[in-house]
Amino acid sequence: MSLSRVSVTAVRNLHPVTFSPSPRINLLYGANGSGKTSVLEAIHLLGLARSFRSARLLPVIQYEQLACTVFGQVELAQGGHSSLGISRDRQGEFQIRIDGQNARSAAQLAEILPLQLINPDSFRLLEGAPKIRRQFLDWGVFHVEPRFMSTWQRLQKALRQRNSWLRHGTLDAASQAAWDRELCQASAEIDEYRRAYIKALKPVFERTLGELLQLEGLTLSYYRGWDKDRELSEVLATALHRDQQMGHTQAGPQRADLRLRLGGHNAADILSRGQQKLVVCALRIAQGHLVSQARRGQCIYLVDDLPSELDEQHRRALCRLLEDLRCQVFITCVDHELLREGWQTETPVALFHVEQGRITQTHDHRE
């Protein structure tokens with residue numbers, strides 16, 4: 001799948017624009033502060049209903065504008081196309097439209113437009129809190145396991161009920177036992193989906209990383225959020241008094257983590273920033289392969305400031321892997337000459353110059 005048309009209005013410093021990207025490689029170049037990253041942010045907003053630059057969306061809306069909007073036409077893997085639109089106003093109201101109809105949730109956008117982001121903050125996947133790695137893991141499971149979303153919703157509902165009971169004790173024992181059974185059942189299913197996903201991801205990740213970097217002894221493992229040798233029901237019963245003191249459930253899928261270790265140490269403590277970037281790239285490219293293998297289409301990659309922290313050899317290796325995915329890629333850089341060469345002659349490459357919020361196409365992929 002790919003975006004064949006994108007329209008952006010009132011997103012940060014961008015002037016209103018409609019452009020037609022290449023179905024494969026798109027290079028957006030220009031000086032720092034010109035608006036290149038804002039273009040990626042607009043696409044990210046269209047696919048996930050959130051920004052990767054700010055936890056709050058108010059700063060995304062252009063000064064003195066009432067709302068920001070992004071529209072896109074998606075060419076679907078199975079043929080045909082889908083029209084997506086999202087608008088967010090200063091009062092925090094969202095409107096999501098899919099093929100002219102109001103959509104209920106951002107998950108519907110994500111299913112149609114699977115996005116992968118690689119940017120200068122990507123190292124946080126290794127250095128950041130477990131929540132970031134759970135989001136990475138669950139993004140992958142969501143796109144390959146059709147049962148994941150409904151099970152996840154069951155889990156969240158049961159977890160909210162238990163946490164409320166821990167804080168306020170508002171349920172009778174029989175009702176709480178029923179919610180605990182639901183929590184344990186949904187947790188077991190989520191753990192099963194995650195475990196199967198990691199089993200599929202590991203060999204693809206290792207192969208992909210080998211194309212980018214030689215790191216002997218790097219291991220990827222999955223911690224499910226509670227003792228692997230005990231049932232969750234037993235763990236919850238044992239920890240009940242402490243959970244009541246804390247006011248929340250301390251064991252379960254909401255505590256899961258991915259662990260990358262090198263020589264017995266946390267990999268993030270040993271690897272350079274450039275090496276961390278390549279490890280994260282390998283993880284995200286491996287996810288793209290699994291989406292394709294599941295016949296769910298292809299990911300769209302948003303790569304912000306690709307040349308940073310990478311030498312020419314590693315830049316070329318990363319570009320080759322992205323090209324081999326045969327998916328749509330948007331790459332920002334200051335100097336497009338660093339990335340313009342090296343693509344296969346049959347790969348459509350489009351160039352867009354971004355200057356003071358204006359986007360001008362300087363090379364059409366059809367030429």
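Each residue, glycine too, has its Cβ placed from N, Cα and C.
Listed features, source Swiss-Prot:
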BINDING   G30, A31, N32, G33, S34, G35, K36, T37  ATP binding site
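All chains included, 27 other C-beta atoms sit within 10 angstroms of the C-beta of K36 (ATP binding site). Following the DSSP three-state reduction, the secondary structure of T37 (ATP binding site) is helix. For the recorded ATP site, residues G30, A31, N32, G33, S34, G35, K36, T37 set the reference point as the centre of their Cβ atoms, and the other residues of that chain within 8 Å of it by Cβ are T332, V334, V354, E355. The binding-site residues examined here are N32, S34, T37; by Cβ neighbour count within 10 Å, the least packed of them is N32. The binding-site residues under consideration are G30, G33, G35. Their Cβ neighbour counts within 10 Å are lowest for G33. DSSP assigns G30 (ATP binding site) to coil, not to a helix or a strand.
In this view, A31 (ATP binding site) is surrounded by 11 other Cβ atoms within 10 Å of its Cβ, with every protein chain counted.
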